[in-house]
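I have placed the structure first, in the form of structure tokens, so that the comments after it can refer back to it.
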Amino acid sequence: MVAIENKEVLFGGSLKSTEEYDQFFCPSIDIPKFLFKYWDSKPLGKNVSSDQFAETAIQMLEYFIQNNYTGPYLPIKPEIWLPQRLRDEATLKDAIIKSLTVEGERPYRLAPKLLFLLLSQTLFNYANSKDPLHIWYKARLDFLHQQMLKEHVSELFNQIMEGMHIVSSHVSSLDRDLQGRFTMEMGLIQSYYGRDTLALQLMKESAKVMDFHFELTGALGRRTKFQTFDTSQLVVLAKSRDRCKDTEQNKSTSTQPITFELNDDTLLEKISFKEDQKSLAPSEELDPILSSEDPNHPSKLDPLDASLLLAFCHIIKNNNPDDGLTREEMAPYAERVLVYPVNWSVYTMALLVRARLEGFKSRTVERSVLQMQALLDQLNDQLSFGKSPEGVDKPENDEGLGSFLPKPQDGENSASLKERLNYFYNLLMPSRWQLEAELAERFISVGATKSALEIFERLQMWDCVVMCHCSLNRQDLAVQVIKRELENDPYDFLLRTLLGDIENNPKHYVEAWELSCKRFAPAQRSLGKYYYKKGDLLQAMNCFNESLKINPLSYPTWFTYGCAALELQKYDAAMEAFSRCLSINPEDGESWNNLASAMLKAKDHTKEQAWHAMQQGIKYMYDNWRIWENYMLISVDVNKWSEVIRALRRIIEIKGKDEGERAVDVQCLDLVVNYVMQSCDNDASGLARMLNELLKMVVPLITNDVRLWRIVARYYLWRRHFAESLNATLKAYRILISSPNVTSDEATWNKTVEGALELVEAYANLGEMPGRMGGVVAKDWKFKSRSVLRSLIGKGKNIWENTESYQKLESELENLK
């Protein structure tokens, strides 16, 4: 099946009169409805099959990708296919933007030839083809549409998932590479929407289907020119299966993008690994298929397998903090892909990933900037709007990108269209404007905000311009920009919402909501935040609810909605909110924690259910002591004493170094010790051993808390460690007697007397017990007891001698004579 060739007939450009379609042109233009009516009323719609419409839709989609992402420039002016009355540039652009706006979210206005995207979408919708391949391409279109919007929108997400679900039932009949390609695309979609756990599973499944073996491991090697010894380095070992068909895709390509050498006086161009195979990880831990891989001379990868490595790189970034360790883990994946230039698009993406990673190091930042500039120039040259006099998408202020690199000669480093598009859907490739905006964001991260501002102004990304002005504390300029642009386009809902943020005025949120016909979810979300900060939680929940009706994929909205519900004691609403948060991101420990808190107070849920929810939370917030503290308290309530001990240990590990004994929850520790002493027959039980290890961590932290020494003394006494028990009691007394308030505060004096009498009692009970090194614990226990009492009596004489506690000391001393 081939695409329809006569586009003027297809899209109504040959119409001499459009009076019968006036309803679609006034008061505003609705291109999709016009085309639907046109196709229904003309023989064309009846004589052309739905498959031909779908094939034409695929053609339009690839035209759009070619003009915005991959190049080379396509000198086709799609608006000439439309009726004459639709060809006014400004009016047509507004109509296209309006048709591509979803849930109030607009695509980038200056994206060249957006009409291709709209025509593709309209053709797919009209065709309604049942062919799995066409449904797959429709899902690809929807995902590309989503990537052009600022926020995730549920309408497109649902369409994508529905289409991919239909295709998944037919995938098993395809060859293994197509199965792997489909699974990889599904993984990228899930990762884009923040579902990285599922995405990771899909990527592993894709590798398994394609019989692609790879592993991140360690090998001995050298990173610098003057290094005299080998150290452990991360490396990705990967091997593609032998494909039967030796097609062009498996051969190296000479049409690779410009690649820059590092040219550093210290760092090697790439890591030099030790030639000895023993430098790799132990063979029993390594996939046998990879054991023959040489890190210095790896085998050539299939482009599809290389795409999968880059997809894994993307998931690692999403799953980990944005820090040096994460970048070190990502780098070997990109380096493995860059060994051989097997495909232009794959190689371009690998260079971009490496440039992103190298922008954070002083020795590699120069190559990072040069490489990113080269990739920008490559797109700028190949997507140049000025090549054809018929290009109508060139903005008036588009002066092109400034470059300090020489321009390539015509045809230099130019790949075929087929090579560029072949793996596009398996790579999250940025468009020209997205790449330039990314460069501007890099400038912001290093403090060059003014340079970023210039780029955003040239791209007419006014929301980013506003944010730059605000970061420079020039809110006045930000407001000027917003008001100027709103005069040109009153329906820019995002700018109107930003104006509300800057002026802290809710009327702008309301205006954005009303102008969007109550479809722009961020307006209600911002209004909800406004009321939340003011403390009007009920009104905030109402606003969040309106926002979530439009966009239920917004994790921040669900989370804040849940927090407001918790504060208002609406526990069912809170549970729903945090459950939705977890459906979006199952690894969000804070949502698990809040869900458990709501379950604890809800009528229809047990503490056991809350405990299980909290148990999930600590998996993902392992270093958060507050989460562990909550888990500890719930574990006490449900009598999970081993988990109480585990939580106490973890809290001490996190806080002990900075807070010392304050990191220990004395009450929980006391409860655990009591439980172990009552329920365990001896100190050989598992729980007793766990408690013993815990107390080994507690004892070095104790400085001034008498309660802790008393707990330790009681536990050692139960274990029949008499000397240790007596020593703990003595240390508790020393803390009391060292207080400067013993002679001035009667309460302190009474506590000290109590401690002294406890110590004397311990001497009497334990002094004659067997000691650690033979003999008894304290042979002279009476002498030591008298010394303790005399010392304390001497301190209290003339101050507390008329008190009852003082009389107790004298009486006890008399008994010891």
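Cβ coordinates are placed from backbone N, Cα and C, and glycine is handled just like the others.
Look at Swiss-Prot and you will find 276-298 (among others) tagged as region 'Disordered'.
Here Swiss-Prot flags 386-413 (among others) as region 'Disordered'.
Sequence-distant contacts of the repeat 'TPR 1' (459-492) (same chain, at least 6 residues past either end, Cβ-Cβ under 8 Å): 106, 108-110, 150, 395, 397, 433, 436-437, 440, 444, 449-450, 452-453, 498-499, 502-503, 515-516. What Swiss-Prot lists as repeat 'TPR 1' is 459-492.
According to Swiss-Prot, the feature repeat 'TPR 2' maps to 521-554. Mean model confidence of the repeat 'TPR 2' (521-554) amounts to 96 (pLDDT, 0 to 100 scale).
According to Swiss-Prot, the repeat 'TPR 3' annotation covers 555-588. For the repeat 'TPR 3' (555-588), residue counts in helix, strand and coil come to 27 helix, 0 strand, 7 coil, using DSSP.
According to Swiss-Prot, the repeat 'TPR 4' annotation covers 625-658. With DSSP classes pooled into helix, strand and coil, the tally for the repeat 'TPR 4' (625-658) is 31 helix, 0 strand, 3 coil.
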Same-chain residues at least 6 beyond the ends of the repeat 'TPR 3' (555-588) whose Cβ lies under 8 Å from its Cβ atoms: 193-197, 319, 521, 525, 528-529, 532, 537-538, 540-541, 544-545, 547-548, 594-595, 597-599, 601-603, 605, 619-620
Residues in the repeat 'TPR 1' (459-492) grouped by DSSP into helix, strand and remaining coil: 25 helix, 0 strand, 9 coil
Counts of helix, strand and coil residues, the repeat 'TPR 2' (521-554), according to DSSP: 28 helix, 0 strand, 6 coil
